[in-house]
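**Student:** So Swiss-Prot has the following annotated:
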ACT_SITE  Glu355  active site, proton donor
ACT_SITE  His387  active site
ACT_SITE  Lys515  active site
Amino acid sequence: MKNINPTTTNAWKALQQHHKTQSAVTIQQLFAQEKDRFTDYSLSFNNEVLVDFSKNNVTKETLGLLRQLAQECALSEAVDAMFSGAKINKTEDRAVLHTALRNRSNSPVLVDGKDVMPEVNAVLAKMKDFCHRVISGEWKGYTGKAITDVVNIGIGGSDLGPYMVTEALRPYKNHLNLHFVSNVDGTHIAETLKKVNPETTLFLVASKTFTTQETMTNAHSARNWFLATAKDESHVAKHFAALSTNSKAVAEFGIDTNNMFEFWDWVGGRYSLWSAIGLSIALSIGFEHFEALLAGAHEMDKHFRTAPIEQNIPTTLALIGLWNTNFLGAQTEAILPYDQYLHRFAAYFQQGNMESNGKYVDRNGEVIDNYQTGPIIWGEPGTNGQHAFYQLIHQGTTLIPCDFIAPAQTHNPLADHHEKLLSNFFAQTEALAFGKTKEEVEAEFVKAGKSLDEVKEVVPFKVFTGNKPTNSILVQKITPFTLGALIAMYEHKIFVQGVMFNIYSFDQWGVELGKQLANRILPELANRETITTHDSSTNGLINQYKQWR
């Protein structure tokens with residue numbers, strides 16, 4: 001990939017000039033100028049996903065300049081480099097090939113001259129066989145009973161993705177009960193173990209190195225809990241499987257290495273749900289639905305790689321996001337799914353985006369001081385969020401672009417619940433875009449029989465300025481296929497922005513310093529001695545903890 005500071009490009013300079021005139025134009029004025037703006041500013045994927053970006057403060061000129069910026073930042077070359085197995089993760093000297101995990105076309109993908117697809121397919125076949133044995137009841141626990149509960153022990157990408165997807169696809173769930181343990185806080189594993197039976201529980205230990213502190217601490221606690229009942233250590237093999245590459249450590253734990261499912265260093269943690277890390281997903285919904293999830297992502301991969309930039313959904317979303325943060329001054333983006341099953345979707349992409357693009361050093365090793373990189377990502381399902389934080393989105397002093405996501409068809413057609421949900425989905429983006437003027441507020445009061453003298457003091461508080469940018473993503477129905485496509489769409493959006501921010505999106509050195517310091521502090525907590533080796537604040541906190549424990 002070429003290392004290009006975006007602010008040095010002609011397109012960036014043109015965008016700065018364009019913004020000076022465009023910033024005075026409101027979204028409402030844009031709709032007045034372009035009567036069928038929806039048609040020109042929306043894109044469809046597979047006739048199952050509609051992305052409407054018309055309620056953004058962009059024009060055809062804006063989009064043209066943003067596309068020129070993508071061209072000057074050599075985006076198409078970067079896309080080809082990623083898909084072809086080039087080692088674009090330079091700081092770790094790794095390829096970035098989560099797309100190969102869902103390569104349903106099975107076309108060769110080379111890393112260091114070797115096609116990775118035979119190994120990918122072998123692990124998928126192994127996962128399929130394992131899922132069949134567990135789901136069918138053929139796999140027995142140490143007392144001869146079938147498995148009823150699966151506990152996935154992992155953290156970060158080994159937890160967030162599988163948990164998000166299993167929740168999103170609960171309508172496809174089989175009889176197995178899925179549980180997820182991530183936090184090293186003993187409460188998490190303790191509360192989970194209260195819900196399961198050692199005779200019928202299967203633990204999946206998800207750690208590439210089998211050394212991750214949080215995961216292995218929880219895994220050993222689960223093992224101790226299991227052996228308190230099972231007694232015989234040979235029984236561990238019937239109740240534990242590993243998602244790892246460290247066969248020696250896996251065997252030492254007591255897991256049969258035949259039940260170790262590997263993945264590769266070209267799979268980043270936050271992009272790993274497509275790999276063996278997704279075994280919990282496959283166990284929850286069945287392997288055929290897991291394959292449909294992969295297929296949806298693969299179709300989005302093909303769209304991203306082949307669609308012209310004008311029709312390219314992930315690229316368009318990325319460019320508009322860059323415009324909102326770097327020219328309109330937004331610092332956050334909210335992801336607001338109007339689907340309760342998607343209640344972990346925003347949290348998943350909080351990691352996906354912020355761990356990928358939360359960088360202040362560019363690919364040249366230079367400090368970035370004249371443009372913004374990754375935004376803060378957050379969100380909650382609608383309509384809950386409307387009664388929590390939408391107030392600030394509508395009337396606060398901070399610009400918060402939002403992605404609204406909703407399915408046209410619900411899995412639970414209870415009375416008129418879905419119509420009420422979707423009426424809010426449609427209403428919110430309309431309200432955010434167009435607001436309510438002082439004159440409209442006054443007219444409402446007059447219609448209600450109030451005189452303007454009576455209400456003049458309250459009128460300003462009921463005015464909505466509007467002009468708040470949103471994307472509306474309407475999905476025909478949340479299925480394994482469409483969910484796979486949605487996830488891949490956001491993954492590629494993140495990638496595009498990383499390319500254009502001139503940063504490395506696939507490392508995460510920011511998580512290391514805290515871990516190093518925690519490893520230094522841990523032995524200091526083993527006794528009651530007063531600590532003086534840190535700054536006064538850290539010393540004071542540690543010493544107070546020692547007094548209170």
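Every residue, even glycine, has its Cβ placed from backbone N, Cα and C.
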**Student:** His387 (active site) has how many other Cβ neighbours within 10 Å of its own Cβ?
**Tutor:** 9
**Student:** Looking only at C-alpha atoms, tell me how far Glu355 (active site, proton donor) is from Lys515 (active site), rounded to the nearest Å.
**Tutor:** 15
**Student:** Could you round the CA separation between Lys515 (active site) and His387 (active site) to a whole angstrom and send it over?
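**Tutor:** About 37 Å separate the Cα atoms of these two residues.
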**Student:** Which is it, of Glu355, Lys515: the one of these active-site residues whose Cβ has the most other Cβ atoms within 10 Å?
**Tutor:** Glu355
**Student:** In DSSP terms, helix, strand or coil for His387 (active site)?
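**Tutor:** Once the DSSP labels are grouped into three classes, His387 (active site) ends up as helix.
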